[in-house]
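Over in TrEMBL, the protein carries these features:
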type: DOMAIN; residues: B:6-133; note: domain 'Methylamine utilisation protein MauE'
type: TRANSMEM; residues: B:6-23; note: transmembrane segment
type: TRANSMEM; residues: B:74-95; note: transmembrane segment
type: TRANSMEM; residues: B:116-134; note: transmembrane segment
type: TRANSMEM; residues: B:146-167; note: transmembrane segment
Amino acid sequence: MEALIVSNILLWILLIALAFVVMGLVRQIGVLHARIAPAGALMLDKGVTVNEPAPQVTAADRNGRPVNFGYPGDKGQLLFFLSPSCPVCKSLLPAIKAVAKERPDLEVVYVSDGDPDAQAALIREFKLEDARYVVGPEVGMTYQIGKLPYAVLIDQPGILRAKGLVNSREHLESLFEAERMGIASLQDYLHSPDHAHGNAVKIHQ
Amino acid sequence: MPLDPILIHACALALAAILATAATHKLRAPRWFVAQLEAYALLPQGLLKPVARLLPLLEGAVALGLLLPLSRSAAALAASALMLLYAGAIAVNLWRGRRDIDCGCAGPGESQPLRPVLLLRNSVLLGLALLATATPLARELGLFDGFVAIAAAAVLLLLYAAVDGLLTNAPRLLKLTGR
């Protein structure tokens, strides 16, 4: 009897440990999925070209200050195109704010269009009162933005370095990676002959 | 039908923990839950907020009731009703063909589309709740019985979490393999 009880307790403990291991494995697979899924900011093949001078346009921000886009300056620019009605844009705002804090050499400009009340609510919710926030269609039309959330990276001399549809923090980071490597987009990287058939990357397609 | 008390205790414990976590993730992200209720498109606009406020409190109360011997069978009945309600909400939206909305089953950040599998998951939970409504067989309970009940509940919970993770991963895997 004693031996049976001891064996039973031992079995229960081992079963709990096993269930823990299974749960842990499933969690790890989940993390892997989350990491694999984003392949990089998707660049739609239209609009302004990467590694060319960015189109120059000037617009007033919410406080009436003029903001120059695409002009040479002492700071690079990150343009983040968003809309208050787009939930993905909202989920990316903390990441954009983190970039603004981390990169003092970069001027982060939020560009949006539409209902002023919704803009004000969004600005209050995410504490963007002090950020450069442009409301108006000019910039989006100049850069031919068709999908949101979209980000454009312009360097100090006014050259457009990277752009793309950004749906996650990883997509956003891929823009900086693209700027650093001088490659327009992940699609370019994969389709360029040096890389696609080299042993640097192997992607099953 | 009288059942062995260990079985009933284990079911009640596991169900209480599942309901309590469901209640906390709803309470911690109230805005997400309102949006979730809206996505199911079953309630008029005016009722969304009060229901979103009330439902997690109800879940918490049922979880607490499951832990107390006096209220256990009543709480288990309430839990079965909740599971039926959720299954009904999923079934209605599946019948409408709205497979693209988020299930909202495992809290924010664990999104998964509505699928018939989720009905199976709910019926398993319903089974647990129905087991917990049964009257326990009268017998002496020792220390070892308590240990077995707690251990069984822990295994149930861990397996539930693992199955939930697999269900969340399945659509991502499908997307990855491109089928």
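Glycine is no exception: its Cβ is also placed from the backbone N, Cα and C atoms.
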Chain residues in Cβ proximity to the transmembrane segment (B:116-134) (below 8 Å; excluding those fewer than six residues from its ends, i.e. six or more beyond): 1-3, 7-8, 11-12, 14-15, 18, 66, 72-73, 76-77, 79-80, 83-84, 86-87, 90-91, 94, 103, 105, 156, 163-164, 167, 170
Positions on the same chain near the transmembrane segment (B:6-23), where near means CB under 8 A and six or more residues out: 56-57, 59-60, 62-64, 66-67, 72, 75-76, 79, 82, 107, 125, 128-129, 131-132, 134, 136, 145, 148-150, 152-153, 156-157, 160
Same-chain residue ranges lying at least 6 outside the transmembrane segment (B:146-167) that approach it to Cβ under 8 Å: 5-6, 9-11, 13-14, 17-18, 105-106, 110, 112, 117-118, 121, 128
Segment confidence, the domain 'Methylamine utilisation protein MauE' (B:6-133), expressed as mean pLDDT: 91
Composition by DSSP (helix, strand, coil) of residues within the domain 'Methylamine utilisation protein MauE' (B:6-133): 98 helix, 2 strand, 28 coil
